[in-house]
Amino acid sequence: MDMAGGAGVRPGCQEAEMRKLLWLAVLLALVLLPLGAYVRLSQAGLGCPDWPGCYGQLSPAHAAAAIERAMQLQPDGPVSPDKAWKEMAHRYLAAALGVLLFCLWWQAWRQAQRLAMASLLLLVLLLQAMLGMLTVTLQLRPWVVTSHLLLGMSLFALLLAAARRAQPRVAVLPAHGRLVTLLLLLVLGQIALGGWMAANHAALACQGFPRCNGQWWPDMQFTVTPPAWPWAVGTSVALPAAALVALHWLHRLGALLLLCVLCCVVGGLWRYPVLRRSLCLLVLLAGLQLLLGMLNVLWLRPLPLALAHHVFAMLLLAQALGIRCRVQPSACWHGLRAVRRRAFLAGRMLPRAWPGRRSGAQGE
Ligand code: HEM
């Protein structure tokens, strides 16, 4: 009987099986997340106003009569068969990802292998499902939409990090490790700002690039009543134009800050040759993301470009996390542990040559 769980299956095969599941989950997430953005951008977020079904049914086809009634009541409203199918397609894919991650967890549990990772992924997915429900039931409140976006992108980045073959860690100076952590946090912050701006419909509040509505420092309003910030209530709260400008401008300033920190990270880590390929990819992704952001502004956010901006945010976060995992301070910590272990081993061999080491002898 195999102690790892699967009778007669070698650990290497089990690892390969899990990796296959993980890659499948990565591919699914790569479709699921942009589909979610597409649902939002095509105003289909409330295509089915309840959750998890559509008017309590399994599919919009089963709910045709209810959808018809909703359309009669509100011909230009958020409900139509088309929108309902988009929304439900997103939910079906999310459910498929849930099943995949549950299988992964089950396998990890049976084989007692990578259980912490599988549990974390499942937990994030469950939280994400809860936020998905709140997105619909609380009618697209900006803080829910933003959290849903941020957690979804984090899930994708975690999936990719788990699916990739573990690469050797690189011991870097602690300051460099902290710089990479800062970059990762800034990417997360920038994604949150982007989602927040998109959820508040502020994408077109600033016309032109690099200036906003012809100004270097546009008129902005940072406080509004009721509060527009993460705890803002309901989609019905139309923010004043100057508050929308503030949201948009913050996203641009965030990108500028991110660019500065990225330069420092690349400048700092370039001295480690094994990291250079990853750094080049990071710079490429960030450069394309900035370009897409600019083009979204200049061309008034055409759907394909808005989706591409979404996809590149996912990839950028995944790459930043990948680098963070390789240079994490544990690399230094491992080094420290190795030194301690050597000292300990040396200490064990020392007693005879080092009388002071024997406290017992001193007491005798
Ligand atoms: C590396 C830097 C950037 C990151 C990580 C980033 C990330 C994001 C994210 C995650 C969204 C929300 C997308 C969605 O909800 O589907 C977004 C929206 C947006 N971003 Fe960026 N962004 C960056 C830079 C920029 C720049 C430099 C600009 C403009 C100059 C820009 C313009 C926009 C616009 C107009 C939207 C709204 C699109 C929409 O409504 O779907 N972004 N950004």
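Heads up, the Cβ atoms here are built off N, Cα and C, so glycines get one too.
All annotation found in TrEMBL is predicted automatically rather than curated by experts.
The annotation transmembrane segment is assigned in TrEMBL to 21-41 (among others).
Sequence annotations record features per position, and here TrEMBL assigns transmembrane segment to 89-108 (among others). If you look at the transmembrane segment (89-108), the same-chain residues 6 or more away from its ends with a CB under 8 A from one of its CBs are 14, 17-18, 21-22, 24-25, 28-29, 31-32, 35-36, 39, 48, 51-52, 114-115, 117-119, 121-122, 125, 128-129, 132.
Feature annotation from TrEMBL assigns transmembrane segment to 115-137 (among others).
Look at TrEMBL and you will find 143-163 (among others) tagged as transmembrane segment. Outside the transmembrane segment (143-163), and at least 6 residues removed from its termini, the chain residues within Cβ reach (under 8 Å) are 19, 22-23, 25-26, 29-30, 32-33, 36, 40, 114, 117, 120-121, 124-125, 127-128, 131-132, 134-135, 188, 191-192, 194-196, 198-199, 230-232, 313-314, 317-318, 320-322, 325.
Annotation source TrEMBL lists transmembrane segment at 175-199 (among others). Cβ atoms under 8 Å from those of the transmembrane segment (175-199) belong to residues 40, 140, 142-143, 145-146, 148-150, 153-154, 230, 247-248, 250-251, 254-255, 257-258, 261-262, 264-265, 268-269, 309, 313, 316-317, 320-321, 323-324, 327-329, 331-332 of the same chain, restricted to positions at least 6 beyond its ends.
Feature annotation from TrEMBL assigns transmembrane segment to 249-272 (among others). Here the transmembrane segment (249-272) has Cβ contacts under 8 Å with residues 170, 172-173, 175-176, 179-180, 182-183, 186-187, 189-190, 193-194, 197, 206, 210, 212, 218, 220, 279, 282-283, 286, 290, 293, 323, 327 of the same chain, all six or more residues outside its ends.
Remote same-chain residues near the transmembrane segment (279-299) are listed as 203-204, 206-209, 252, 255, 258-259, 262, 265-266, 269-270, 305-306, 308-309, 312-313, 315-316, 319-320, 323 (criterion: CB distance under 8 Å, separation of at least six residues from the stretch ends). What TrEMBL lists as transmembrane segment is 279-299 (among others).
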